[in-house]
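In what follows, a structure is listed as structure tokens, so that the remarks can point back to it.
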Amino acid sequence: MASLASPPLPCRAAATASRSGRPAPRLLGPPPPPASPLLSSASARFPRAPCNAARWSRRDAVRVCSQAGAAGPAPLSKTLSDLKDSCWRFLRPHTIRGTALGSIALVARALIENPQLINWWLVFKAFYGLVALICGNGYIVGINQIYDIRIDKVNKPYLPIAAGDLSVQTAWLLVVLFAAAGFSIVVTNFGPFITSLYCLGLFLGTIYSVPPFRLKRYPVAAFLIIATVRGFLLNFGVYYATRAALGLTFQWSSPVAFITCFVTLFALVIAITKDLPDVEGDRKYQISTLATKLGVRNIAFLGSGLLIANYVAAIAVAFLMPQAFRRTVMVPVHAALAVGIIFQTWVLEQAKYTKDAISQYYRFIWNLFYAEYIFFPLI
């Protein structure tokens, strides 16, 4: 059995010898080979640390590594944060802002016209309606991204599916949840007519993107769908639902008729100019748009011209119907917005229609869209 015992370690043997007063035993076996001069000099410069010191160094290293791991972000929290960011980008925030501002402005207008009927119950119902509209918006823009992955890798690589931040399976789950949640809210809180309008909007958003229809391939059909959903259905539907919640039958007011016509034409401009930043990818995948057919410059001038005509018409309406509109708001606001689009078009021309300049021009059009709804309750 003695032959199976391990020989004592040098440090342990030395320690035992020092306590007993006897010299340390010499280990059996051949003597170690002589060290080379290079190793000898290295050993002289860097003497070995004692065994206890080495053991404590290993413990310190483990402790430091453990502290460094604890200081880093937890994997679950980082995953949830990334998922939240991807879902937010998946919703296309600029479209949500337009939907939210439009619905809030129209509800505010209906309440301004009937202040005696305001009660707190309407606030909750309006909130449900806003959530349903955002869900519908999320479904439409989400289904479009699912079927535009290859094109978005060229035109919009920052979108979550194209960037690989969101899987197609997760995207499908989100759009189904959006559609189901929005439909459930509308069915349980609003009447059959509003439910029918909501389903019509979802249907138009579906045939806009989904094969075999995919009407976005045809410029005229795409323009009509966008103008109908964002222009007519949103404004008419929200105003109708608000009056119904107030216990009133539907009746057009001059300001609501104005904003419906104005925004419908504005949505047509958005539909025309939305393809300007996407010309590169559309040409690569042979998607026919007005921008690929007529050129970026011509479409930019067409969109700006339609907006200027829209603003001129708004100013004319203020003069022709002073009893229905506040001229002191309508005239200066729309004149300033018209000057803004003229200036932005000039900036685009000076920039020689670079991709960054085109994107800035398109964002400015959306800002004008938001501005119209912000000022609408005041007109």
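Glycine too: its Cβ is placed from the backbone N, Cα and C atoms.
If you look up Swiss-Prot, you'll see 1-39 marked as region 'Disordered'.
Positions annotated as transit peptide by Swiss-Prot, on the basis of sequence analysis: 1-65.
The transmembrane segment feature in Swiss-Prot is assigned to 121-141 (among others).
Here Swiss-Prot flags 174-194 (among others) as transmembrane segment. Outside the transmembrane segment (174-194) by six or more residues, the chain places 87, 90, 125, 128-129, 131-136, 138-139, 142-143, 146, 202, 237, 240-241, 244 with a CB less than 8 A from a CB of the stretch.
Per Swiss-Prot, the feature transmembrane segment maps to 195-215 (among others); the stated evidence is sequence analysis. Counting same-chain residues at least six beyond the ends of the transmembrane segment (195-215), those with a Cβ under 8 angstroms from any Cβ of the stretch are 132, 136, 139-140, 143-144, 146-148, 179, 182-183, 186-187, 221-222, 225-226, 228-229, 233, 236-237, 240.
For 220-240 (among others), the entry in Swiss-Prot reads transmembrane segment. Taking Cβ pairs closer than 8 Å, the transmembrane segment (220-240) reaches residues 98-99, 102-103, 106-107, 109-110, 129, 133, 140, 193-194, 197-198, 200-201, 204-205, 207-208, 250, 256, 259-260, 263-268, 270-272, 274 in its own chain, all 6 or more past its ends.
The transmembrane segment annotation in Swiss-Prot covers 252-272 (among others). Sequence-distant contacts of the transmembrane segment (252-272) (same chain, at least 6 residues past either end, Cβ-Cβ under 8 Å): 102, 105-106, 109-110, 113, 222-223, 226-232, 234-236, 239, 290, 299, 302-303, 306-307, 310, 313-314, 317, 321, 324-325, 365-366, 368-369, 372-373, 376, 379.
Look at Swiss-Prot and you will find 299-319 (among others) tagged as transmembrane segment, backed by sequence analysis.
Residues or ranges marked as transmembrane segment in Swiss-Prot: 328-348 (among others). Within the same chain, residues 300-301, 304, 307-308, 311-312, 314-315, 317-319, 357-358, 360-361, 364-365, 368, 371-372, 375, 378-379 sit at least 6 positions outside the transmembrane segment (328-348) and bring their C-beta atoms closer than 8 Å to a C-beta of that stretch.
The transmembrane segment feature in Swiss-Prot is assigned to 361-378 (among others).
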